[in-house]
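Take a look at this one; I'll ask things after.
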Amino acid sequence: MPNNVAASMRKGSTVQKVLLPGAKSTKAASKKKLSEAELKEEITRILTANNPHAPQNIVRYSFKERSYKPTSAVDQMAVHFVLEGSLVHEDSDEAHRMRAKEGLPEETATVDTGVEPDEEEPETSDTPVEDGREVEEAGEEDRPDSVASKTDRKEPKVTNQFNFSERASQNLNNPLRERSCQTDPPPRGTFTATATQWDIYDAYVEELQKQETNKEKQKAVASKKDNDKGKKKTLLMETQTDDITKVGKASKIFERMVNQNTFDDIAQDFKYFEDASDEFRDQEGTLLPLWKFQYDKAKRLSVTALCWNKKYQDLFAVGMGSYDFSKQGRGMLVYYSLKNSAYPEFIYPTPSGVLCLDIHEQHSYLVAVGFYDGCVAVYNNKEDGSEPMYKSTAKTGKHTDPVWQVRWQSDDMDNNHNFCSVSSDGRVVSWTLVKNELVFTDIIRLSLNAAVSEGPEQQPGIACGTSLDFHKQIDYLFLVGTEEGKIHKCSKTYSSQFLETYNAHSMAVDAVKWNHFHPKVFISCSSDWTVKIWEHTINTPMFTFDLNAAVGDVAWSPYSSTVFAAVTTDATVHIFDLSINKYEAICQQPVVAKKKTKLTHIEFNPIYPIIIVGDDRGYVSSLKLSPNLRKKPKVRVSIGQHPIGSVQASNQNKPTSCVESDFA
């Protein structure tokens, strides 16, 4: 019976026809006539072995890479039917064990094995049998399952009586495969330590420093270009910069040599030229133009600050910004050297305009800068990059208005560097450099009245500070010029009230500076065309000079207590020497050829007899003083007068009026 079932199954598998859903029946085709093109059209269908329900996003954890990785091996086989049979081969060991277990004799096995070739003889014989009945009869006699054999010997029924293979499956089932890998476990170690609060604090500080350095590196690194050409260019530039850094010092020296050879006549004038005509000018002098400094990317910016380096006397810093408050934008901090006027030594672009700066006297690589947006920053020339080392923010007490003046102070008791700033918001603030941040302390708040404003209810009475200068000998004493034209004498130790108020000018005080030699004298200038010299114990000025134009800046000379210089908006430099003439300037000289160019700042070199002047077009001009402009006053010794040498060095004297006030 099983043979008949298998045969019927095989027969059914060969005769059965499967009609696809897209195929058309012959009846339907007869109803509808197709054209030859449609009949010849080939419809291609591609069958794939991929299982549409198999997941494609299986991930497994990789111990090697310590992350989850997608697996490429996906089982695409779909099992529709599985039938496990219980048939055992009669010659196998398992069949012998089953016979032994059930107690069957071994003769059945010999009979069965002997019958097999007899069964095959009719099928494999070369002489065909014509009559089918005879074959069946012979087969019935020879087969062990025939009726005659059953009657002759009574044998128990064998479980696996027929040795045939099951052919009900359509295809072979692929064996399941499982791929897995085993990796070595990561090394382990035991660490024990005792953590104190200081250790935790130091660890946090170190982590914050690492984060800040990483941020600076990310900002410094330029974004990569998408094109391959751009990548090649950047690689070439990097290699070039690496090569240049190797010979950076030598190339800089070579550049200075070429520049000095190019401007050799100016270098010779700077060293040796002395104007011989001064002997016939009746103590008047002239200014000899020397180098002119400019930077192409700062042409549209004005020179808003100048400061010489006290350690390297040929180096000076220039602040770039704009005094036109309707056109505020970027700024720049650049360093120039007298040894190379063609290109700056350092360049620091800033997001806001620079309005003031000051270089530290002892640590000349530190420069404090004040910006138009109210921030103050400290730049370090030793560090690479264009970002400041310290910068104030809204969280750390930045000013709300432009910062007009910054001044370095001596270190505090903890040896921390600090500087002061004044702004239009009426605050005079002391900034201390502590580790990675600026710590601010309000020294005083300026007010329109004599008393210092305290509390938000007096905010409308705040005065706008425009200039600041500390006493050369008394650290806690300082002067503040305001936008209303007043000058306040203040003290860091007594910040609740002004020590003195001077009604100095009718317009904003552009600059106020103490004399380098006389401890009681200071000078101020304003846009009301006047320059005034004061003694801080007297409310009225000792000298008043009208320059017929708005005065942008004024500066005392470092070699004489009676010489000062001022610049005006009509592009003229005025130099006075009170020991020679108390009423008029001994030198008035325009230093800019173009009209409508305004001079903004002036500074004396601490050693060399030159001055630098900045204008509103971004140019800085250097000028050499003639012999009449750099004379040192003679010592005047009178009865009862204290020695002048104790007040000023290098055989320099006070103004005559100051001496008279000392006698009184």
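Just so you know, glycine gets a Cβ as well, placed from its N, Cα and C.
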In TrEMBL, one of 205-224, 225-244, 385-404, 645-664 is tagged region 'Disordered'. Which stretch would that be?
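It is 645-664 that TrEMBL annotates as region 'Disordered'.
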For which of the residue intervals 17-36, 277-296 does TrEMBL record region 'Disordered'?
17-36
List the helix, strand and coil residue totals of the compositional bias 'Basic and acidic residues' (92-104) as derived from DSSP.
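Tallying H, G and I as helix, E and B as strand, the rest coil: 10 helix, 0 strand, 3 coil.
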Across the whole of the repeat 'WD' (502-535), what does the mean pLDDT come to? Round it, please.
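When the pLDDT values over the repeat 'WD' (502-535) are averaged, the result is 90.
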